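As structure tokens, the structure follows; a few thoughts come after it.
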Amino acid sequence: MGRGKKMSKPGDGRSGDVSDTGRNGGTNENHPKTNGEVVHCGQAKIYSYMSPTKSPSARPPLQEENSVTHHESKCLGKPSTETRKKAEVEKKKILSTELSVKPSEQRETECNSIGEFLEPKLELNDVQRNLALPPEDKLQSQKMVKNKPLRKKTQRQKSPNRKLTDYYPVRRSSRKNKTEIESEEKKRIDELIQTGKEEGIKMHMITGKGRGVIATRDFQRGEFVVEYHGDLIEITDAKRREASYAQDSATGCYMYYFQYLNTSYCIDATRETGRLGRLINHSKSGNCHTKLHNINNVPHLILVASRDINVGEELLYDYGDRRKSSIDAHPWLKN
């Protein structure tokens, strides 16, 4: 017989048959036999906490038998794709068994710890993003924040302020102010004094007094009633006339003394005229009072309503003479 290769005995393990220890996951998994051949072993442990796989006990028996693979495969040269796939399946099987051994509480604590570990990382990433900005970008962002309200203010300032006259035309007010009212009232009184008109009053015989004056219309408080018309004389002439009138008992006293611009004057209304101001009777609680009215720097004595006066009411004012001689001569001055 010629020279050649010796025939190998069946079942000696050289033709690629795997031993029982390799099938059952014995010690040959970590220490495989190396007889000059390349051996591929997979032992890396990867813990998948997010999606744990099912335990091999949950698989059906048929699937368990079909899933049995060899941990060790001897091949000459490069490993085939089938051996790689078988090694990956075996790794997943080992990982699933290890995960199933861990209790559920431990897995929950580990998941919580992972969540707590990931959350601050996200916050730090946001802070790191802000810190990672260059200084120029930071200044620009700050300027943008500061300029935003300023833009609003400028827009408000630029917006035109609408006035009431933009919608409604200007009309002259018919209302009169205080100065205008006083000026018109003065002009009216000046006209009445200069013309001698006496409106709203008349002479009336009063029981126990004689002649008197009553109102023929209503007067409001502060309204002009009538002028005490007479001769305007100085104090020296007034004293001389008063002495002469005192000699005649039939002559009454119609003299009124006052001061104007630090000068004493007297209005002598003793002479009988058609003016009604001289006929108004005396009363300490009268409804009228005297007031000086200037017309071209000439004082005039007028009577003004102290309160509202009704129609038919007698006009009265206080003569102001408190001298004893006058009271003795005219006792009605006491009232």
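Keep in mind that glycine also has a Cβ here, set from the backbone N, Cα and C atoms.
Sequence annotations record features per position, and here Swiss-Prot assigns region 'Disordered' to 1-91 (among others).
The compositional bias 'Basic and acidic residues' annotation in Swiss-Prot covers 67-91.
Residues or ranges marked as region 'Disordered' in Swiss-Prot: 133-183 (among others).
If you look up Swiss-Prot, you'll see 199-320 marked as domain 'SET'.
What Swiss-Prot lists as S-adenosyl-L-methionine binding site is Lys209, Gly210, Arg211, Tyr254, Asn281, His282. The Cβ of Tyr254 (S-adenosyl-L-methionine binding site) lies under 8 Å from the Cβ of Gly230, Asp268, Ala269, Thr270, Arg278, each on the same chain and at least six residues away in sequence.
Of all the binding-site residues listed here (Lys209, His282), the one with the fewest other CB atoms within 10 A of its own CB is Lys209. With DSSP states grouped into helix (H, G, I), strand (E, B) and coil, the domain 'SET' (199-320) comes out at 15 helix, 55 strand, 52 coil. With a 10 A radius on its CB, Asn281 (S-adenosyl-L-methionine binding site) counts 18 other CB atoms from all the protein chains.
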